[in-house]
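Visitor: The domain 'Palmitoyltransferase DHHC' annotation in TrEMBL covers 129-244. Look at TrEMBL and you will find 20-39, 55-73, 173-201, 213-240 tagged as transmembrane segment.
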Amino acid sequence: MHSGCRMALSRGLRCCQRVFSWVPVVIISSVVLWSYYAYVWELCLVTVENALEKAVYLLVFHIVFLLFIWTYWKAIFTPPKEPTKKFLLPYAEKERYDSEERPEVQRQILAEFAKKLPVYTRTGSGAIRFCDRCQVVKPDRCHHCSVCGMCVLKMDHHCPWVNNCIGFSNYKFFLLFLAYAMLYCAYIAATVFQYFLLYWTAELPNNRAKFHVLFLLFVSLMFFISLMFLFGYHCWLVGLNRTTLGVRHRTVPCMCGTVPPQGGHCRLWGHT
């Protein structure tokens with residue numbers, strides 16, 4: 001009975017964790033929806049009087065907005081890519097591995113199995129990188145995500161703002177999301193600025209639109225500055241063929257016997 005209660009409590013906690021993990025996504029979505037309303041209705045339809053200016057603002061805004069929303073959607077709902085079945089430890093090898101108590105023999109079992117696999121990176125002690133929870137030999141740059149409960153190929157990090165692991169399958173969409181989010185914020189700030197000055201100097205009357213226009217500028221600039229640093233950091237990582245985990249974790253020896261640069265790849269063979 002006690003074990004049943006513990007299982008029910010564990011399932012309840014996991015369910016709560018899954019629900020609360022969507023809170024950052026809901027926050028970002030709420031801010032984006034408000035910015036859409038404030039820009040389209042309060043700025044373009046209420047504040048801007050020139051018909052041509054209004055049409056150009058709305059056209060360009062919706063193009064940038066759709067690109068931003070599409071990449072955000074893809075970054076959220078593109079599932080992380082797991083290692084293929086060939087990295088999964090066979091049943092017979094798993095039985096040997098689990099029944100063996102000597103660590104050096106376990107390392108030998110994994111080493112024999114990994115001979116057939118394109119795996120080069122080793123742990124600090126020179127052993128094969130193996131995930132006990134997923135029962136797979138980890139490919140290079142593969143890491144286990146405790147939030148997703150799975151091993152993720154070329155894992156960069158788990159991003160709470162998209163509630164997803166950023167890795168091999170969706171890193172492109174994550175970078176595009178950052179780029180289009182920057183463009184979205186920059187476009188809003190550039191087109192709102194002149195009306196911000198008009199409201200600030202009281203050349204336009206005080207009304208409900210004034211509040212939205214003022215906050216549009218402040219919020220867009222705040223997000224633009226934050227995204228600029230984040231996007232620049234990831235561009236730097238891409239240029240050096242690194243990942244966030246590769247920079248944070250210490251470098252381990254490679255199969256070829258050389259030690260690659262911090263977070264980089266082997267100078268001799270080019271692998272990580």
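Every residue gets a Cβ built from N, Cα and C, even glycine.
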Visitor: For the domain 'Palmitoyltransferase DHHC' (129-244), give the DSSP counts of helix residues, strand residues and coil residues.
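Guide: Counting residues by DSSP class gives 63 helix, 16 strand, 37 coil.
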Visitor: Which range wins on Cβ pairs under 8 Å with the transmembrane segment (173-201): 20-39, 55-73, 213-240?
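Guide: Of the candidates 20-39, 55-73, 213-240, 213-240 scores highest.
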Visitor: In this predicted model, what is the average pLDDT of the domain 'Palmitoyltransferase DHHC' (129-244)?
Guide: 92
